[in-house]
Amino acid sequence: MGNKQTVFTHEQLEAYQDCTFFTRKEIMRLFYRYQDLAPQLVPLDYTTCPDVKVPYELIGSMPELKDNPFRQRIAQVFSEDGDGHMTLDNFLDMFSVMSEMAPRDLKAYYAFKIYDFNNDDYICAWDLEQTVTKLTRGGLSAEEVSLVCEKVLDEADGDHDGRLSLEDFQNMILRAPDFLSTFHIRI
């Protein structure tokens, strides 16, 4: 009795529940996953809101991400500085957006950010080339990649400006019934 370690205050747990799609139990499970990545760095007591970031090298090596060709972009998009190093809040946000409970429009927004490699708020031909190359793990020739990108732009570029806006991307995602089932990470 009395030996129970307090990881979060009641208010912290409520706040995490309010801004994620997780239960208290899932939040605790994710905290321990985060802590296990860097036990020497991440304290078991978060009641004082420590300023801790787990390096990308550890985030990218997690079983949920290590085989994903977009692991670096995912980490960059969810990290506050864009460097892939994650605070606990970033880590919970990433898992929340990638959870099965997250709505399609939220997933589409983050997928768009992940595929926008040059961070200009559009997916241009270069961004598409990076995306196709990662998806095929370099298995297509430059000509084949270019052809795929051209077809995507022909199909999805609603205003014909040679790039995809978030709205263009969301309209394209609406026509992809398997998007929700593929854009997730199980916890």
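Any Cβ shown, glycine's included, is placed from N, Cα and C.
What Swiss-Prot records for D116, N118, D120, Y122, D127 is Ca(2+) 1 binding site, and it gives sequence analysis as the kind of evidence. What Swiss-Prot records for D157, D159, D161, R163, D168 is Ca(2+) 2 binding site, and it gives sequence analysis as the kind of evidence. Among the features that Swiss-Prot reports, domain 'EF-hand 1' is placed at 66-101. For 103-138, the entry in Swiss-Prot reads domain 'EF-hand 2'. Annotation source Swiss-Prot lists domain 'EF-hand 3' at 144-179, citing sequence analysis.
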> What same-chain residues lie close to the domain 'EF-hand 1' (66-101): Cβ under 8 Å, and 6 or more beyond its ends?
Replying inline: 16, 19-22, 27, 30-31, 34, 42, 46, 51-56, 59-60, 107, 110, 113-115, 117, 119, 134-135, 137, 180, 183-187
> Between D157 (Ca(2+) 2 binding site) and N118 (Ca(2+) 1 binding site), what is the CA-CA distance rounded to a whole number of Å?
Replying inline: 18
> In the same chain, which residue numbers or ranges, 6 or more beyond the ends of the domain 'EF-hand 2' (103-138), come under 8 angstroms Cβ to Cβ?
Replying inline: 69-70, 73-74, 77-78, 82, 97, 145-146, 148-150, 152-153, 162-166, 169-170, 173, 179-180, 183-184
> Which of the binding-site residues D159, D161, R163 has its Cα nearest to the Cα of Y122 (Ca(2+) 1 binding site)?
Replying inline: R163
>> On a C-alpha basis, identify the one among D159, D161, R163, D168 that is nearest to D116 (Ca(2+) 1 binding site); the candidates are the binding-site residues.
In response: R163
>> Counting by DSSP secondary structure, give me helix, strand and coil numbers for the domain 'EF-hand 3' (144-179).
In response: 23 helix, 2 strand, 11 coil
> Around D168 (Ca(2+) 2 binding site), which residues of its chain at least 6 apart sit with Cβ under 8 Å of its Cβ?
Replying inline: A156, D157, G158, D159
>> Within a 10 Å radius around the Cβ, which one of these binding-site residues has the most neighbouring Cβ atoms: N118, D159, D161, R163?
In response: R163
> Cα-Cα separation of N118 (Ca(2+) 1 binding site) and R163 (Ca(2+) 2 binding site), in Å?
Replying inline: 12
> When you average the Cβ positions of D157, D159, D161, R163, D168 for the Ca(2+) 2 site, which other residues in that chain have a Cβ within 8 Å of that mean position?
Replying inline: Y122, L153, A156, G158, H160, G162, L164, S165
> Under 8 Å Cβ-Cβ from D120 (Ca(2+) 1 binding site), six or more apart in the same chain: what's there?
Replying inline: none
